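Student: Found this in TrEMBL, in case it helps:
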- 43-76: repeat 'TPR' (REPEAT)
- 77-110: repeat 'TPR' (REPEAT)
- 111-144: repeat 'TPR' (REPEAT)
- 145-178: repeat 'TPR' (REPEAT)
- 179-212: repeat 'TPR' (REPEAT)
- 213-246: repeat 'TPR' (REPEAT)
- 247-280: repeat 'TPR' (REPEAT)
- 281-314: repeat 'TPR' (REPEAT)
- 315-348: repeat 'TPR' (REPEAT)
- 383-416: repeat 'TPR' (REPEAT)
Amino acid sequence: MLARQTSNYSADLEKIVGLYHTGELARAAKLCQRILTAQPNHSDALHLFGVIRHKAGDYVQAVDLIEQAVVLNPGLDSGWCNLGLAHSALGQHEPAIDCHQRALSLNPFSAAACLNLGMALSAIGEVKEAVPFYDRALYLKPDLAQAHYNLGNALWFLGQYFEAEHSYRRALTIQPDFPEACLNLGIALADLEQFPAAITFYRRALQLRPNWAGAHFKLGLALHAMERLSEAAISFQRALAINPQYPAALVALAETQSASGQSYAAITTYRQALEINPDFAAAHLNLGKALRDLRQYDEAIFSFHRAAELNPGYAQAHYHLGKLLRQTGRMEEAASCFARLAEQLPAYARTWIETGSEGREDSSLDETMAQLDHATSLGLELPEFLSNKGNALMASSQLDEAVAYFDRAITLQPVSPLLKYNKSLALLLGGKLAQGWPLYEHRPARSDMSPGAYGCPAWKGQDLDGKRLLLVKEQGLGDQIQFLRYVPLLAALGATVDVLVDPSLRRLAATVPGVACVIDALPDAPGYDFWSLLLSVPHHFGTQLDTIPRRLPYLAASPEAIAAWGADINDFAQGRRRVGLVWAGPGTHVNNRNRSIPLEVLAPLAQIDGICLVILQQDASPQALARVFHNTEVLLAGEQCTDFADTAAAIMNLDLVISVDTAVAHLGGALGCPVWTLLPCNRDWRWLRERDDSPWYPGMRLYRQQEYGQWDEVIARLVQDISAGR
């Protein structure tokens, strides 16, 4: 910064430079003034005096002095550089750019001029244009830490987080005690969701500058993203101890309190933030959410209104306001609110947000995707919207894109279990089990599944030798059947394993090797060492596609029941191929309409020579069967089964089971029997995609719908395969 020209005062000028570098600005200034008293137009003295005043914070005088210097000596490239810096310090970036360009015209090999020009361009928002000048500075001087740092800032601004990370790391290699580079590297890593690494660099920044409120704030955000809520709260509190007037830190602390169940404390903290900045729209929005969760609806509506008033383009405010107005019966106001939202977001995308994507018919998926793409281009960053876009992409098998949208939603709402659950479904559907299982732990649980109900800790991979473990049912009957396969593995670890299942599975579950006791209700005094949900076990075993337990069968029917069913079924079959049939699941299942097949579509099965149909469907109508199958005789077995142990005995007498995605398909697979499973387009994650077999059931064949709702083509393929004896 202190380049100078030769003059008659060379010794004094050398001394001024030395005093400047040792921080003795007053002595350096006096020497400059002494020279200028004797020679007012001494360009070197004017230049150095201007630089000293800049260092002292007097930017106006710095500009005046250095301007005089470069007028007297227009070829002073360092003078033009320093004049540009003084202009920038006053916020006068356009004149600064002119100065740095003049310096470069005089000395094209000035790394400092390149760096300073890049900084001035960045300051007026021309960040992309700044990058070549940072690159040029580093070409001229590769060890210029400040240039690596500023290049990192520019790349981060342009969304190139990996490249920004590299630049910050280069800056820190050259200058390890660079707190700003540590902080910004942490920010880039956090944007890449590398939160543990981000935390490391935030803490390194704080080692270099302990009282940096902004670094404590960023550290808290990263800890919150990792759900380390108590640590996050401490970081936010430290930021506030340094800077009590820090509304963003107060809002972040309130969000952490809310996520920790401290709703009333969160409300108090949001209000503290609003006392500092009454126009903080995000604080009003989050206060509204907290009040809504406590059913303080009138106050919540006021907060949402205020957020929307402060920022009319705040889509989230309009969304939450409209939703709560509708919930409280204020339909006209809600309609008005959604009309304002529609100004930013097309009505169809608004409807998507309101109804959610679950259960949406795949027949409209292409149209929906086009609409959502257009809505996304409008920049709406609602977690609910992004998640539903992810769901739509997952339904169309664009799994990588779906995960990216779930990640964006999680960034906005890091502690949302639903968003992480949705992401897990995309990962599991894509066969990325190791990545999916941990997030699948965020799946919705029944209200009666409180961990405290079992009087013991959850099993998360602890030593089981000599321990009593309770496996607890969840989700549907098919899920319970599928994941009972893990009981033998748990027993092999030395555990005494009891299982809690639905009553209809009680007899069947008792046949699983390793099951000590089967219950269908929790006893008053359980006495277990650990408990686990059935579908959490594969996560703790680290199950991947090639390590799924495939030992079949792991269920069994009683020999007596098999024999009894054999007599009836063989008498009916008279040597024909015995085919069991299930075409619908229980109406309570969320995807039942998609996964069930209208009975009429199955009519071609009755025309196949050499087979007989054994109806395993519960509550099958004899009249409907007679009408659809043109009075072809069928055996109604389902109505005679009192539980799944009976159904298992019947299946053991069949040559093939044809079933939609129901518990009967899982039962046949677990028994090791041939099963052909008919899957809709909107299939469950466990069936993966683009394959006609299942790693869960080696003897199973999958028949997938090619178009939404079109079962005729599926049945045609199935009839062809049966007829060919496949």
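Sequential numbering from 1, following the chain as shown.
Here the Cβ of each residue, glycine as well, is placed from N, Cα and C on the backbone.
Keep in mind that TrEMBL annotations are predicted by a computer and have not been checked by a curator.
Given the structure is predicted, the values throughout are model-derived calculations rather than measurements.
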Student: Could you check whether the repeat 'TPR' (383-416) and the repeat 'TPR' (111-144) come into contact, where contact means at least 3 Cβ pairs under 8 Å with the two residues of each pair 6 or more apart in sequence?
Tutor: no
Student: May I ask for the residues of the chain that lie six or more residues beyond the repeat 'TPR' (111-144) and have a Cβ under 8 Å from a Cβ within it?
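Tutor: For the repeat 'TPR' (111-144), the nonlocal Cβ contacts are 1, 77-78, 80-81, 84-85, 88, 93-94, 96-97, 100-101, 103-104, 150-151, 153-155, 157-158, 174.
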Student: Which sequence-distant residues neighbour the repeat 'TPR' (213-246)? Criterion: at least 6 residues beyond either end, Cβ under 8 Å.
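Tutor: Hits for the repeat 'TPR' (213-246): 179, 183, 186-187, 190, 193, 195-196, 198-199, 202-203, 205-206, 252-253, 255-257, 259-260, 276, 411, 414-415.
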Student: Over the repeat 'TPR' (281-314), what is the model's average pLDDT?
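Tutor: Looking only at the repeat 'TPR' (281-314), pLDDT averages out to 92.
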Student: Under an 8 Å Cβ to Cβ limit, what residues of the same chain, 6 or more beyond the ends of the repeat 'TPR' (145-178), are close to it?
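Tutor: Contacts with the repeat 'TPR' (145-178): 111, 114-115, 118-119, 122, 127-128, 130-131, 134-135, 137-138, 184-185, 187-189, 191-192, 208.
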Student: What are the helix, strand and coil residue counts for the repeat 'TPR' (43-76) according to DSSP?
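Tutor: Counting residues by DSSP class gives 27 helix, 0 strand, 7 coil.
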